[in-house]
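Right, one structure below, let's go through it.
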Amino acid sequence: MSEDLPAETVGETKATKEAKETEAAREAAGPLHAQQAEESRAAGAPKAGKSSRSARAGKKSGAAGATKGVKADEKPVEPVAPLDWSNPLRDPQDRRLPRIAGPSGLVIFGVTGDLSRRKLMPAVYDLANRGLLPPGFSLVGFARRDWENQDFAEVVHDAVKEHARTPFREEVWQQLAEGMRFIPGDFDDDEAFEQLRKAVQELDTSRGTSGNYAFYLSVPPKFFPKVVQQLKKHGLTDAPEGSWRRAVIEKPFGHDLGSARELNALVHEVFDPEQVFRIDHYLGKETVQNILALRFANQMYEPIWNRSYVDHVQITMAEDIGIGGRAGYYDGIGAARDVIQNHLLQLMALTAMEEPAAFDARSLLTEKLKVLRAVRLPDDLGAHTVRGQYEGGWQGGAQVPGYLEEEGIDPASTTDTYAAIKLGIDNRRWAGVPFYLRTGKRLGRRVTEIAVVFQRAPHSPFDSTATEELGENAIVIRVQPDEGMTVRFGSKVPGTSMEIRDVSMDFAYGESFTESSPEAYERLILDVLLGDANLFPRHQEVEESWRILDPIEEYWSTHGKPAQYASGGWGPREADEMLARDGRSWRRP
Amino acid sequence: MRIDLTDTTASKINKALVQGRRAIGTPAVGMVLTLVIVTDEENAYDSIKAAEEASHEHPSRTLVVIKRHPRNLRDRTRSHLDAEVRVGSEAGTGETVVLRMYGEVSEHADSVVLPLLLPDAPVVVWWPVDAPDDPAGDPLGALAQRRITDLYAVERPMETLERRVRTYAPGDTDLAWTRLTLWRSMLAAALDQARVPVTSATVEAEADNPAAELLARWLEARLHVTVDRVITDGPVVTAVRLGTANGEIVIDRPEGPIATMTLPDQPPRSLALKVRSTSELIAEELRRLDADEMYAIALRGEAGKETPVHV
């Protein structure tokens, strides 16, 4: 996914990018969530009677989640105040008042990068436009550019105008622009960090940010140590009494278990584990959060959500673009590390996990970890995993190069651009149900979906000719694009003879809650400022995911070569054979 | 597409809706609520437009009830119903039926509306003008979970406000209250930061502004202080001052969309606090379909002594 790329890398290689790919990447994050409370209530609208109660409960547990983090590191998140103080203007009954982040500021490292311009700055503006940022919110940019504050403001202005989701409003912009600062400098430039420290202090007095800052490291991972050390050295990570300092980091979180542990140790040395927010923008997506609503707020799905009814689960994330200008980042990493380790395993965990005790970060972590720990790899990795590389050819009417012909790629590279693996989950609910995870570049179209495929009916009173065209029932959660859900089942074809064919029943977010879905980054940035960690994978999950993937990567590095597959198709023949061995086949998403 | 029906009935309209949807190729759409707009011909256009814009957030079936008063006596006694069915691009993301009622049928609008409500989905009634004295007791209002009135659209807002206090039923809401959400959330945010008890309060606004009165009552109910009402030139609410032991908390919006927030011992900050359009207000209203208890509390003010039990 190109938008996952650390921002500076993208920025540097931007020139080599095809316009098409930028476009695709821009769409990639897709629309998402509003103030969680608000939207879930809109969703519950048809059953107005009950929704009020559950919505209130949701809000309460959200608050509990926020304070939980506080207890763990024994630092109050809110400024000092009498302990029994509660804001008389707030009331759980008053659900019009949005969750506004407390006084705070955001410092972005690598602010000139693509991600920052395309996603972060517009998200900050959209939040401000929706009135969710605190008065006095400040945005500090840090990068290697010879800019003044107003140059920075202009860059943000352009980024916002081009990429923001909500209409541009001068008054909102003014409010935001007053709190913008820019610090030019390198990451090993002590003077620049000293300047940053002063800027932060100045903002505390001039804007009232109360010492609360989130540091967004939108930089390649090799710079993490440097930046983190510099922050520590210059006292930027020492939160004054009663305030917080948080770190926001983007993937990749290492390239195997060892390196992930190293990285975590490094960051945790400076920031409390509870104060480190790892962005997996998929988790900010409406549909992904809806997996939990679908499963745990409804009665009709959970009874069949187990091995007695489910035949298997397919989780797919396909991209129609190649690696674009990301050769330097991608080669040696590959699809499995880039996508399966984080996005797909997270989607799998949410699909397979047990009901959490509450909707808060700790309970979610507990359940996700339980599932990840129960994951079992197939005994024969050769028969149940497949990797591939795209060949040159024609895709969607355009001629495209093969992976080995891409600029900057070693013609002998064995990096996978396609990966498919089969996993089992050893627990009572899922024993014997395979989870097939696949991802690839230059596939038929851009799509991410979770398909829960059900067993066939144990007995059919209809004769076999009547059910010839009947497939397996399935619930498909479409994560992107066209967020929504499809239920596939058999239905009688109109006419005199008895003939049963598959039909789809569709729920689309675009139909039921158009336009109000915020971008994933909006939601995630707001959650960082609120200290709500529900949607952020914790370091234990990251390490557990590497534990799952490492043996596969190891096997691949010593056995054979990636299979070649035609661009614009649905992956190598070997992947089809892999499922055929189990008597199954991939869905065409 | 648009289908015109003259001298029609609800069942013919239902048939036309199915026909219209078939014709544009969407046999079923995920509409989440039925919005009934009761208005006169003069305000119909703007109301429908606002509802269509709001429907981007909440796809809905919009039923517009227009009661016509024909000029000549013969037409006045002849009771009939005309309908205009709009689906597809003409009706935002949902479908719209404009119902024009002449003569006696306009006294029985609920009999036309009831068969046209979406199955299972909640019903919202909105009177852009001429809301009944007792919204919940109105035959159309009785069909709805939520009843939206607008104190800005009445001649004597303060008198009407008192009447609303008397007739309040759960599910009632008013756009004058909706207009306050930004103010209220900024005040709550200010207090989040100041974290001190409030000892006095002042609301400054133009004369006879119902929103200002609701704001003052809300503050009284929540802060348990007497709120001074100061009359200014407007527009609408211009400032709120909260007195505390440490100094004054002020949100000041003399004009335009930019307000200034001042907290004790802190630098002033500017805030975007704009006056929102009707469609935005309606969209906000439609987000919640259960009773707005805080509105009830604000409506009654301190007099009701209705402090919520769980703070």
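Glycine residues also receive a Cβ, built from the backbone N, Cα and C atoms like all the rest.
Secondary structure from DSSP puts A:His343 (active site, proton acceptor) in a helix. For A:His343, the entry in TrEMBL reads active site, proton acceptor.
Look at TrEMBL and you will find A:Arg144, A:Asp186, A:Phe187, A:Lys251 tagged as NADP(+) binding site. A:Phe187 (NADP(+) binding site) falls within neither a helix nor a strand when secondary structure is assigned with DSSP, and so counts as coil. For A:Phe187 (NADP(+) binding site), the same-chain residues lying six or more positions away in sequence with a CB closer than 8 A to its CB are A:Phe109, A:Val219, A:Phe223, A:Lys226, A:Val227, A:Gln230.
Sequence annotations record features per position, and here TrEMBL assigns substrate binding site to A:His281, A:Lys285, A:Glu319, A:Asp338, A:Lys441. DSSP classifies A:Glu319 (substrate binding site) as coil under the three-state reduction.
Per TrEMBL, compositional bias 'Basic and acidic residues' is recorded for A:14-26 (among others).
According to TrEMBL, the compositional bias 'Low complexity' annotation covers A:42-69.
As annotated by TrEMBL, compositional bias 'Basic and acidic residues' applies to A:573-589 (among others).
The domain 'Glucose-6-phosphate dehydrogenase NAD-binding' feature in TrEMBL is assigned to A:107-290.
In the predicted structure, the domain 'Glucose-6-phosphate dehydrogenase C-terminal' (A:292-587) carries a mean pLDDT of 89. Annotation source TrEMBL lists domain 'Glucose-6-phosphate dehydrogenase C-terminal' at A:292-587.
Under the heading region 'Disordered', TrEMBL lists A:1-97 (among others).
What TrEMBL records for A:566-589 (among others) is region 'Disordered'. Each residue of the region 'Disordered' (A:566-589) gets a DSSP state, and the totals for helix, strand and coil are 8 helix, 1 strand, 15 coil.
The record assigns A:Arg144, A:Asp186, A:Phe187, A:Lys251 to the NADP(+) binding site, and the maximum Cα to Cα distance across that set is 22 Å.
Here A:Arg144 (NADP(+) binding site) is positioned 32 angstrom away from A:Glu319 (substrate binding site), judged by their C-alpha atoms. Within the group of binding-site residues (A:Arg144, A:Lys441), the Cβ with the highest number of other Cβ atoms inside 10 Å belongs to A:Lys441.
Here the Cα atom of A:Lys441 (substrate binding site) is found 32 Å from that of A:Arg144 (NADP(+) binding site). In the three-state DSSP scheme, A:His281 (substrate binding site) is classed as helix. A:Asp338 (substrate binding site) has A:Lys251 as its nearest neighbour among the binding-site residues A:Arg144, A:Asp186, A:Lys251, going by CA to CA distance.
For A:Lys285 (substrate binding site), the count of additional Cβ atoms within 10 Å of its Cβ stands at 27 [all protein chains shown]. Cα separation, A:Arg144 (NADP(+) binding site) to A:His281 (substrate binding site), rounded: 26 Å. Nearest in space to A:Lys285 (substrate binding site), taking C-alpha to C-alpha distance over the recorded positions A:Asp186, A:Lys251, A:His343, is A:His343.
The 10 Å shell around the Cβ of A:Asp338 (substrate binding site) contains 26 further Cβ atoms across the protein chains shown.
Within the same chain, residues at least 6 positions away in sequence whose Cβ sits under 8 Å from that of A:Asp186 (NADP(+) binding site) are A:Arg144, A:Ala192.
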